[in-house]
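One structure below.
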Amino acid sequence: MSLITTEASPSLSLIENGGGSDKRTAELSRSNRRTVQNLSATSLMRNRSDLKLISRVRWEFMRTMLTNLQEVLLGTKLFLLFPAVPLAVVAHRYGCPRAWVFALSLLGLIPLAERISFLTEQIAFHTGPTVGGLMNATCGNATEMIIAILAVGQRKMRIVKLSLLGSILSNLLFVLGTSLFFGGLSNLRKHQSFDRRQGDMNCILLFLALLCHTLPMILRFATEAAGGSATNATNVLVVHPTRSEDGSDVLVLSRASSFLMLFAYLAFLIFHLFSSSLTPPPPPPQREEEEEEEDVYDDNVSDKEEEEAVIGMWSAILWLITMTLLVALLSDYLVSTIQDAADSWGLSVAFIGIILLPIVGNAAEHAGAVIFAFRNKLDITLGIALGSATQIALFVVPVTVLVAWAMGIEMDLNFNLLETACLALSILVTSFTLQDGTSNYMKGLVLLLCYIVIAVCFFVSNSPSAETSTTNHTLTKRYVMVKVAPHK
């Protein structure tokens, strides 16, 4: 799950092929107000359950419980990865190699993240579009948030920043690039277009997040270069640390920026959920596109089946709590063993955090974006990729900074020069790619090549191992006494 667009605001909905007629918009609104990103994350990965045998059970309680087990555990095409969850627990409990624990935890997170998307969708069926959209806005990247908060608790700020940055880069370059590339190859004879307003809004918000990440880094460099010093009467140079030199100004700026980013994200939510009447209606699609258009909800199931929740609300809430706890457990294993996995596999922690972790952890969501690009549903693909990147940049990152502050741990928005430069260039490339509202396989190839270059950069980089366990890269300068030779 990623974006917070719901059919409660039809003019801003991710309607395929750059908009839709009023008839199509009404049909989407009647589809039980299902969010597009939930659709991509769940319906494409969902196995249709055969409940004939369960319906023969006499006792209603047992029948309900078996139905829930069938829908939650076996109702996904990723159910074969569920055994990785208990295997990770057993491997951790009995002291297996820590690299194995890391690999099993990473595999176990794939179906759990997809099931959280499914359960959030089921709750949205019962609560309506507004509450469902708000839940999606909060739980859309629950896995990334849990990993970040647990890493903060273990004071591994480097891993926190790498994993969050990697999720943004993965969505902007890898997911979007793969989708546009394969979507372009499979639709060579078709005109591929999308609603530019969606890309423009997300890119503007990403530039705001980039500003909030860049200023703390620039402030740090500027104040370090202009550190105060003076020479006393005994020719001893006394270096007086300023607030900025010990990192306090950077920390204050980061926390203030975090509040502003959360405010921007809240305004983004209100804009999408409640302000549909303030925006012009989407342009009607061309007739030939309307004839070729496939039903988004057609995945070998009927519309009636799609419009119904398959489990009750309270059952979905209980299952959501259970899945979240399992994600927290595996995330704790992941954070604890990432350094051992890096040493065992000969990879840098930066490469694992920025490249490997986001690709594997969000595999189900990534697959959904690519499949919709194959169907020439580029608005939905953009909603998945750009929406998830925006949510992480404007919601998950500031929440992590503020949670660290509440825990008495110093975390700022200074992601270091290399990481911030990669983020800035990725946002620029993505915004230029989407500025004309059209797509082809060449644009996707360029985004993929940019991602490969960044991956190679972090593959060859050798970040010091000790950096993963530091609370922050805050300076702790004190008064320094330097003897100065007397002038002759």
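Glycine too: its Cβ is placed from the backbone N, Cα and C atoms.
Remember, it's a predicted structure, so these values are computed and weren't measured experimentally.
Summarising the annotation, TrEMBL assigns compositional bias 'Polar residues' to 1-14.
Sequence annotations record features per position, and here TrEMBL assigns region 'Disordered' to 1-32 (among others).
Within the chain, the transmembrane segment (72-92) has long-range Cβ neighbours (under 8 A, six or more residues past its boundaries) at 42, 45-47, 49, 100-101, 104-105, 107-108, 110-112, 114-115, 118-119, 310-311, 319, 326, 329-330, 333, 364. According to TrEMBL, the feature transmembrane segment maps to 72-92 (among others).
Tertiary neighbourhood of the transmembrane segment (99-118): same-chain residues 1, 37-38, 41-42, 45-46, 72, 75-76, 78-79, 81-82, 84-85, 87-88, 91-92, 139, 142-143, 319-320, 323-324, 326-327, 330-331, 333-334, 337-338, 340-341, 344-345, 356-357, 360-365, selected by CB-CB distance under 8 Å and a gap of 6+ residues from either end. The transmembrane segment annotation in TrEMBL covers 99-118 (among others).
Residues annotated as domain 'Sodium/calcium exchanger membrane region' in TrEMBL: 99-273 (among others).
Residues or ranges marked as transmembrane segment by TrEMBL: 130-152 (among others).
Long-range contacts of the transmembrane segment (164-184) within the same chain: residues 2, 141, 144, 148, 192, 206, 353-355, 357-359, 362, 365-366, 369-370, 372-374, 376, 378, 381-382, 384-386, 388-389, 392-393, 396-397, 400, 415, 419, 422-423, 426-427, 429-430, 433, 439-448, 450-451, 454, each at least 6 residues beyond the stretch ends and with a Cβ under 8 Å from a Cβ of the stretch. Annotation comment: TrEMBL describes 164-184 (among others) as transmembrane segment.
Residues or ranges marked as transmembrane segment by TrEMBL: 204-222 (among others). Within its own chain, the transmembrane segment (204-222) has Cβ neighbours under 8 Å at 172, 244, 247, 249-250, 253-254, 257-258, 260-261, 264-265, 268, 386, 389-390, 393-394, 397, 412-417, 420, 423-424, 427, 430-431, counting only residues six or more beyond its boundaries.
Here TrEMBL flags 252-274 (among others) as transmembrane segment.
Per TrEMBL, region 'Disordered' is recorded for 280-301 (among others).
Among the features that TrEMBL reports, compositional bias 'Acidic residues' is placed at 288-301.
TrEMBL lists 311-335 (among others) with the feature transmembrane segment.
Residues or ranges marked as domain 'Sodium/calcium exchanger membrane region' in TrEMBL: 316-459 (among others).
Look at TrEMBL and you will find 347-374 (among others) tagged as transmembrane segment.
Positions annotated as transmembrane segment by TrEMBL: 380-405 (among others).
As annotated by TrEMBL, transmembrane segment applies to 417-435 (among others).
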